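J.: Below are the structure tokens for one structure; questions will follow.
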Amino acid sequence: ADVVTYENKKGNVTFDHKAHAEKLGCDACHEGTPAKIAIDKKSAHKDACKTCHKSNNGPTKCGGCHIK
């Protein structure tokens, strides 16, 4: 899918896979062969999204990703 929306009580998070892949390349998120990644609160806030956003000038405040 090019765009995935994660439903969340603090506001849905829309992930534009195509835009991320074009900017960062597959190996920024995927190890080995690209496959679906399970994202939970910990991985989104610590292990994956927020850490990468800090390094690549992406949004790091709640409202930057969680849209009500």
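Heads up, the Cβ atoms here are built off N, Cα and C, so glycines get one too.
Small disclaimer: the values here were computed from a predicted structure and weren't measured.
If you look up Swiss-Prot, you'll see His17, Cys26, Cys29, His30 marked as heme 1 binding site. Taken from Swiss-Prot, the feature heme 2 binding site applies to His20, Cys49, Cys52, His53. If you look up Swiss-Prot, you'll see His45, Cys62, Cys65, His66 marked as heme 3 binding site.
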J.: Would you count the other CB atoms within 10 A of the CB of His53 (heme 2 binding site), including those on all shown protein chains?
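T.: A 10 Å sphere around the Cβ of His53 (heme 2 binding site) contains 15 other Cβ atoms.
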J.: Most Cβ neighbours within 10 Å: which of the binding-site residues Cys62, Cys65 is it?
T.: Cys65
J.: Given the binding-site residues Cys29, Cys49, Cys52, state which is nearest to Cys62 (heme 3 binding site) when distance is taken between Cα atoms.
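T.: Nearest in space to Cys62 (heme 3 binding site), counting only the binding-site residues, is Cys49.
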J.: What other residues of this chain sit with their CB within 8 A of the center of the CB atoms of His45, Cys62, Cys65, His66, the recorded heme 3 site?
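T.: Filtered neighbour residues, in order: Asn8, Lys10, Gly11, Val13, Ala44, Lys50, Pro59, Lys61, Gly63, Gly64.
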J.: If you count Cβ atoms within 10 Å of the Cβ of Cys52 (heme 2 binding site), leaving out that atom itself, what do you get?
T.: 14
J.: If you measure from the C-alpha of His20 (heme 2 binding site), which of the binding-site residues Cys26, His30, His66 fall inside 10 Å?
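T.: Final answer, ordered: Cys26.
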J.: How many whole Å apart are the CA atoms of His17 (heme 1 binding site) and His45 (heme 3 binding site)?
T.: 17
J.: For the recorded heme 2 site, whose residues are His20, Cys49, Cys52, His53, find every other residue on that chain with a C-beta no more than 8 angstroms from the centre of their C-beta atoms, and list them by sequence position.
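T.: Neighbours within 8 Å of the Cβ centroid, excluding His20, Cys49, Cys52, His53: Cys29, Ala48, Lys50, Thr51, Asn56, Gly58.
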J.: What three-state secondary structure does DSSP assign to Cys29 (heme 1 binding site)?
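T.: The residue in question, Cys29 (heme 1 binding site), is coil (DSSP, three-state).
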J.: What's the CA-CA gap between Cys26 (heme 1 binding site) and Cys65 (heme 3 binding site) in angstrom, rounded?
T.: 21
J.: Restricting to the chain of His30 (heme 1 binding site) and a gap of 6 or more, list residues whose Cβ falls under 8 Å of its Cβ, or answer none.
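T.: In sequence order, the residues whose Cβ lies under 8 Å from that of His30 (heme 1 binding site) (at least 6 apart) are Ile37.
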J.: How long is the line from the C-alpha of Cys29 (heme 1 binding site) to the C-alpha of Cys52 (heme 2 binding site), rounded to the nearest angstrom?
T.: 9
